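Peer 1: Just dropping this structure here.
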């Protein structure tokens, strides 16, 4: 049965994609997509319950024993990412009911979207390195499609940059896999842990580790490999950019966390030291880049980069507390960032643009939306008692415990600059009057579009607040996840001993 | 392209290629061949046809959209994986039913999920190669 | 044989880097194709180059007879080639569409998605 618990979160979105494509011209297509998203969430919660009860669970596909077959495995980190993916998927599927026009639905929007979710989920669950590459490609090809769907000039321009840099990163990742196989003769991640530790040529292993760091680094958008991200995330439809912002870069971070706690731990002093500096520069360049922008989504895109820095910092510091902070940050950030992009979509519908200089007056005419913006925005900046505060608190505390005062200072300083950006959006989009004298009241948008667009924003904001006020269970969960990452003996024995 | 020899020859060539692609698909599990190579050959058949008689006629000969073929293939492949649930095996475990015997040597032929999966792969490859090929043909 | 393969991989990467430094997107794409072939060769070589029969199990036996080539890297390379082919074909289609709409292949001129006044600052 475990096998099926692990398969369902991947199989359901795939099946939904097939059905949604066949029904893409019928009005029922979008409802199939929505039902599929609900079922995915059910499947992933079932998996979560199983992991909470039994610890790490693994299954061999097609009954081929590890390390020869493909293993699916869920530990605490993997399963929480699957659940949060399903939640984000559901939120954006509801949002899409309001936002996505029929013209784009007919091109197969829902099928591509569900394939993307399947790819992301697969990447979180797989225990085989080559299989991870395949899931990356599934994710990539559907994200290419989603990015240029509709085919405006801006989208094509952004698509070229996104596609080109992501393909380069994929090829570097693939070469890394090839070399690693040449050295160790295995690609099962649990098996690799021992094989890499016993490899004769540790220098070559470090070189391969750096190839993986670059490959995943491009996906995650860390300094200096992030240029594709702010060049593309502001062009597709808002539902798409929300799901990109929430999930895609996090897959890179997740893969990094997995590989640099499970496999490449032979030379932590070297690899993780590099990662510390990369993280600090990522945080700073991201937040400074955002300060120069005046487009709602461009500011948010640069903030993704700066926040990625915190997550990789959690990995780089490599203490139980820091990793715990990193995991907590990962989950919190997906919810908050997806929500901010969804808010920008509503702001665009109401005020007519995402260029902050050309909109305004949203606070006066739509105070409810303003309140919903405040929650994720302040959570992003790390205000207590919202979820972002606890995430930042854990990471800064971990830095201070290591006497890394400089690191802690940068982390706090970047938080301060984040507030600056968020108040800029607040001041320009919500506070100042609309430059064209338009009164952007919500009633300008028909309820049929407005309601599905507002519902997910409300839901995600409630989650942010709940995590903020009752962080106990979430922090404990992150603690267990971090313990499992630092001591993966459970993971290794479960994978290599898993039958059926 | 308007070469009479090519147009006349293409009809026979297309039929041969297509039959050969099905042959490759069906012998796939025990001998070299399989869904992937079969799908490629099938796509080549349609591309030859569209070179000979023009993309419009090739499309009407295909009757359904190539993207539709690919996505249906994906669905068939997925179903082939899910069948093993009924038998209590892990995802994608091959299920075999031997007709007139109990093993490869003694039976006449077998019904199995591996072939179903291969048919899915065949359709995915055929559909996606054709949709890419048509994308370029339309633009030139 | 390994040394020769390593040399070929090196040459391919060198050529692809040269191509990818060009401003023209088509050259970049050709560089990408060479690079992806280099990666495929790396995987292929990592399975060790042995003189051996194809890894096929003879009729009625459980194990292959004699020395056979390592089948796993070949399977991996096949997968990687297929996926790479799909992605590169998609990218070519995207490049074609972009050329049709933007009327340029010069990546320096592809600034449609950038904010307008950032362009003016640069001039």
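Keep in mind that glycine also has a Cβ here, set from the backbone N, Cα and C atoms.
Quick paste of what TrEMBL says about this protein:
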DOMAIN    A:127-418  domain 'NADH:quinone oxidoreductase/Mrp antiporter transmembrane'
TRANSMEM  A:6-24  transmembrane segment
TRANSMEM  A:31-52  transmembrane segment
TRANSMEM  A:72-95  transmembrane segment
TRANSMEM  A:107-126  transmembrane segment
TRANSMEM  A:132-150  transmembrane segment
TRANSMEM  A:162-183  transmembrane segment
TRANSMEM  A:203-229  transmembrane segment
TRANSMEM  A:236-254  transmembrane segment
TRANSMEM  A:274-292  transmembrane segment
TRANSMEM  A:368-386  transmembrane segment
TRANSMEM  A:406-431  transmembrane segment
TRANSMEM  A:451-470  transmembrane segment
Peer 1: Could you check whether the transmembrane segment (A:6-24) and the transmembrane segment (A:132-150) come into contact, where contact means at least 3 Cβ pairs under 8 Å with the two residues of each pair 6 or more apart in sequence?
Peer 2: no
Peer 1: Under 8 Å between C-beta atoms and at least six residues away from its ends: which parts of the chain pack against the transmembrane segment (A:132-150)?
Peer 2: 103-104, 107-109, 112-113, 115-116, 118-120, 122-123, 126, 156, 158-159, 162-163, 166-167, 170, 173-174, 177, 219, 232, 235-237, 240, 244, 248, 251, 255
Peer 1: Before we move on, state whether the transmembrane segment (A:406-431) and the transmembrane segment (A:451-470) share at least 3 Cβ pairs under 8 Å, counting only pairs 6 or more apart in sequence.
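Peer 2: Between the transmembrane segment (A:406-431) and the transmembrane segment (A:451-470), contact is absent.
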Peer 1: May I ask for the residues of the chain that lie six or more residues beyond the transmembrane segment (A:31-52) and have a Cβ under 8 Å from a Cβ within it?
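Peer 2: Residues 2, 5-6, 8-9, 12-13, 15-17, 19-20, 23, 74-76, 79-80, 82-83, 85-87, 89-90, 93-94, 96-97, 110, 113-114, 117, 121 contact the transmembrane segment (A:31-52) from elsewhere in the chain.
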Peer 1: Test the contact criterion for the transmembrane segment (A:274-292) and the transmembrane segment (A:72-95): 3 or more CB pairs under 8 Å, pairs 6 or more apart in sequence, then answer yes or no.
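Peer 2: Checked: the transmembrane segment (A:274-292) vs the transmembrane segment (A:72-95), no contact.
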Peer 1: Tell me, please, if the transmembrane segment (A:72-95) and the transmembrane segment (A:203-229) are in contact, taking contact as 3+ Cβ pairs under 8 Å between residues separated by 6 or more positions?
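Peer 2: Checked: the transmembrane segment (A:72-95) vs the transmembrane segment (A:203-229), no contact.
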